[in-house]
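> From TrEMBL, for reference:
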- 12-33: transmembrane segment (TRANSMEM)
- 66-89: transmembrane segment (TRANSMEM)
- 109-129: transmembrane segment (TRANSMEM)
- 141-159: transmembrane segment (TRANSMEM)
- 194-213: transmembrane segment (TRANSMEM)
- 220-238: transmembrane segment (TRANSMEM)
- 258-280: transmembrane segment (TRANSMEM)
- 292-311: transmembrane segment (TRANSMEM)
- 375-404: transmembrane segment (TRANSMEM)
C-alpha cells in the first residue's frame, strides 16, 4: 500500500496551484505595493482586487519573447557546457532499483559556472546583453520558468510511463506526476536531475543578484552593502554547489528521490524566483529604506560567513565519509577547500544493516548540522533588508518547514532501517538540530 506524503493527491494539487499563485502575489506586493501584503479593502472590493492582480500579471509577467529567449538560451547553454566541458567522474551510490548498480556522474558544474560568468561579463561589457535587463524582466522570466516547470514535469511523467521505466508508483496520476516516475533520467553524459539541481536555479539566483547590483550602480553610482551581501551570499552557494558537485551523487536526493514536479518545478521556478525577494525589493526601492549601521553590516556578513563555513565543511565531511566507505580516498581540490572538510580516521557506528553512521566532526554535535547552518544562511537573505518588508523572509520560513518535514521523514526511516543501532546513534548524537537546545 502506498504511503502518501504532502497530504496525498489533494495536498499535491493544492501545492501545484497554490505556490505559483503565491509567487505572483509576493512579486506584485514587492514591486507595486512597497513590499506590503496587499488585500481587498472590503467584500465588495474582492472582484476588483483580483482583476488588479491579474492586470499586473498580464502586463508585467506575460511570457514575452524576451523571457523565452533568455530562459531558453540559459537552458541550452547550460546543457551545452555540461556536455562538452571536461569533468571529474564520480561514482554514485548503489541504486536498488538498478540491481544495486552504481552510476557514473560527470561533474563539471564548476567549469560551467565560471564559463557562464565570463560569458555574462563579455555580453554585458560589449552591450550585447545588459545584466540590468534581467531584474527588470523578473515577472516575465518567472512566468516562462513556471511554464517550463509544468511542461517538463508532465513530459517526463508521460515519456517515462510510455517507455516502461517508472518505479515506486502509487497508481494515482496527479500524485505520481508530482513525486515523479523516473529516478535517473539522462541525455548522453548528462544526469538531468543533478544538472537541474545546480545549473539552472542557483545560476539564476546569482545573476539576479548581480543584475540588481548593476541596476543600483547605474542608478546611484554605487552598490549598497545590502545588495553586495546578496551577491556574495548567492555566489557562495552557487560556487559551493559547483565545487562540491562530486558530493551530490552521494546524497539521498540522487540515490532515492524521483524526478517529478516536486523537484522539477522548484528548480526551474521556485528556487530562482522565490528565494531572492530581498533583491527584488532592493532593485525597486530607495537604499534609504534598508540602510544599516557599520556594526550591523559587520554582524550580518560575519553570520553569513560563519554559517557558510559550517554548512560547507559539514556537507564535505559527510560526503567524503561516504566516499571513504566505498574505498575512495582521493578528492577534488576545487576552490575553496576549507579546513576540516575531510575527517581522517573518523569515528562511526557500524550498523547490522551494513551502513556506517558518522559520529565525528560537526556530526558528533548534531544529526543535521548542515540543515542548521543552511537555514541560518537563508535567514540572512531576509535580514539584509531588515524590517523594510516581511516578504523576503519567505525563504527562511518556507525552508524551516521543509527541513522539519525532511528530518521527521529521515529519522523515521532510519529508526525502521537501523533499529537498535539507530537508538545507539541517538544516544551518542543527542541533538537533532542545535547542540544543547534541540
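Note: Cβ is positioned from N, Cα and C throughout, glycine not excepted.
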> Pairs of Cβ atoms less than 8 Å apart decide it: which stretch in 66-89, 141-159, 194-213, 258-280, 375-404 has the most with the transmembrane segment (292-311)?
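Maximum Cβ contact count belongs to 375-404.
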> Of the listed stretches 12-33, 66-89, 109-129, 258-280, which one has the most C-beta pairs under 8 A with the transmembrane segment (141-159)?
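Of the candidates 12-33, 66-89, 109-129, 258-280, 258-280 scores highest.
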> If you count Cβ pairs under 8 Å, which stretch among 12-33, 66-89, 194-213, 258-280, 375-404 touches the transmembrane segment (220-238) the most?
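Comparing 12-33, 66-89, 194-213, 258-280, 375-404 against the transmembrane segment (220-238), the winner is 194-213.
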> Going along the chain, which residues at least six beyond the ends of the transmembrane segment (375-404) come within the CB cut-off of under 8 Å?
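That would be 26, 29-30, 34-37, 226, 229-230, 233, 237, 274-278, 281-282, 285, 289-290, 292, 300, 303-304, 307-308, 311, 368.
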